[in-house]
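Colleague: Dropping a structure here in structure tokens format, bear with me for questions.
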Ligand code: AMP
């Protein structure tokens with residue numbers, strides 16, 4: 001089951017964790033809007049409040065009051081295709097012989113079924129069909145026989161795929177990132193406490209300091225008194241498989257992921273787009289909000305050089321950057337609309353052109369990605385209806401040709417416009433005067449990463465994990481991950 005989510009965990013010295021967790025979840029709301037939850041521990045018992053809905057609707061004053069304890073974890077969950085299911089809302093919590101466990105998961109395991117069958121055979125009763133419960137049961141089982149660090153290590157060796165987890169064992173809060181570091185996870189210092197969160201924006205919201213990213217394969221254990229954390233490099237991956245799409249679309253632009261500010265990464269991708277596929281038009285405009293940073297980088301680069309790479313002459317005013325499309329902030333993401341007809345209506349509800357910035361002009365429209373093609377098709381025809389002379393579309397990522405098995409809801413292969421069409425064919429369907437994307441290599445370069453350190457399954461159709469029926473890209477030379485190693489015994 002695909003889980004594109006946000007996770008958080010906090011340990012304080014002497015204050016309740018519930019409210020900071022709530023603010024942290026607010027900062028991560030873009031990572032999931034289906035359900036929200038917090039589990040805390042007061043030293044004696046767990047307190048839990050998990051419901052379907054947005055963070056602001058799920059918790060009221062009384063709920064936050066009742067979530068006692070100075071340590072806790074939280075979760076926001078993304079609506080996955082077809083399943084609006086309260087049994088999959090998180091954090092998942094369970095009590096067993098050696099204590100209580102709470103678990104928040106972002107990512108997707110590729111061998112959950114196998115482990116579930118095995119554990120079910122051993123008498124474990126499952127209440128959901130999600131991966132998270134599989135991890136919780138496996139960990140609970142290991143904890144019956146060994147200490148926390150060994151138990152987590154054993155579970156990490158067993159589960160394959162993508163996972164950034166915040167875990168609570170009694171009052172101990174931990175963070176774990178899969179050995180390939182597919183989903184983001186970082187550590188921050190707070191006033192009298194520490195936090196682990198999917199994105200650094202959650203740390204900023206609490207006036208905290210980003211300490212660093214959790215390393216791939218690392219377990220971070222927050223001290224119960226909020227005074228620090230211990231690090232255990234439990235599994236050494238062969239290479240990383242950071243999701244490039246976090247930088248392109250999913251993460252907040254003000255977050256810092258794996259050492260890079262997402263906003264800058266997007267501006268660099270925009271610059272690259274100009275350098276490789278620039279077209280001289282009267283105006284450059286973003287699809288708000290997803291294309292904004294890309295368009296700003298693109299327009300900046302276009303001010304410096306012409307589309308053929310020559311420095312601009314002094315009397316050449318370059319291109320104009322304009323906000324030609326206004327967004328209605330009260331409309332949800334188009335992906336929440338279940339039918340194509342509703343999705344098309346939603347685009348029009350969401351974005352309205354400012355005619356004077358468009359009329360009679362040649363326009364370059366910039367967005368981060370094309371999935372089904374609904375947004376771009378609608379916007380090109382909208383701009384043309386408003387009198388645009390030409391509409392050129394520039395996209396800051398490669399064509400999305402295959403599904404994501406690692407945690408991002410990307411539609412099925414059949415629904416993806418680029419899965420069976422060439423770029424000229426897509427250009428035709430969308431009705432743009434020209435269309436250009438970035439190549440996977442250019443994306444890696446703009447992100448300052450090695451191509452082999454990124455998961456690009458959705459744009460290459462080859463995955464850094466073993467997925468039934470799909471080819472792998474692991475034959476690509478993947479250098480070993482560096483960094484210090486603190487081994488827990490086997
Ligand atoms: P589409 O209209 O189907 O081509 O989707 C493209 C638009 O959706 C772009 O404006 C993207 O910013 C946005 N988008 C890209 N990926 C996703 C995703 N996984 N979930 C929701 N929206 C997305």
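Yeah, the Cβs are placed from backbone N, Cα and C, and that goes for glycine too.
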Colleague: Of the candidates 186, 243, which one does TrEMBL list alongside 404, 455, 458 as binding [4Fe-4S] cluster?
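Modeller: Looking through 186, 243, the residue TrEMBL assigns to the [4Fe-4S] cluster site is 243.
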Colleague: To which of 290, 296, 439, 442 does TrEMBL also attribute binding of Mg(2+) at the site defined by 367, 368?
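Modeller: The one candidate that TrEMBL places in that Mg(2+) site: 290.
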Colleague: By CA distance, which of the recorded positions (5, 290, 367, 368) lies nearest to residue 458 ([4Fe-4S] cluster binding site)?
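Modeller: Among 5, 290, 367, 368, 368.
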Colleague: For residue 367 (Mg(2+) binding site), just count the other CB atoms lying within 10 A of its CB, please.
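Modeller: Total other Cβ atoms inside 10 Å, all chains included: 22.
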Colleague: Less than 6 Å between Cβ and the nearest atom of ligand 1 is the rule; apply it to the binding-site residues 243, 290, 367.
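Modeller: The binding-site residues passing the 6 Å Cβ test are 290, 367.
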Colleague: Suppose we draw a 10 Å sphere around the Cβ of residue 368 (Mg(2+) binding site). How many other Cβ atoms does it contain, all chains included?
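Modeller: The Cβ of residue 368 (Mg(2+) binding site) has 24 Cβ neighbours within 10 Å.
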Colleague: Mind giving me a neighbour count for residue 5 (active site, nucleophile)? Other Cβ atoms within 10 Å of its Cβ, every protein chain shown.
Modeller: 25
Colleague: Would you mind pulling the DSSP three-state label for residue 458 ([4Fe-4S] cluster binding site)?
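Modeller: The residue in question, residue 458 ([4Fe-4S] cluster binding site), is helix (DSSP, three-state).
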Colleague: Please list, in sequence order, the residues in the chain of residue 243 ([4Fe-4S] cluster binding site) that are at least six apart in sequence and whose C-beta is under 8 Å away from its C-beta.
Modeller: 162, 182, 183, 250, 406, 407, 408, 454, 455
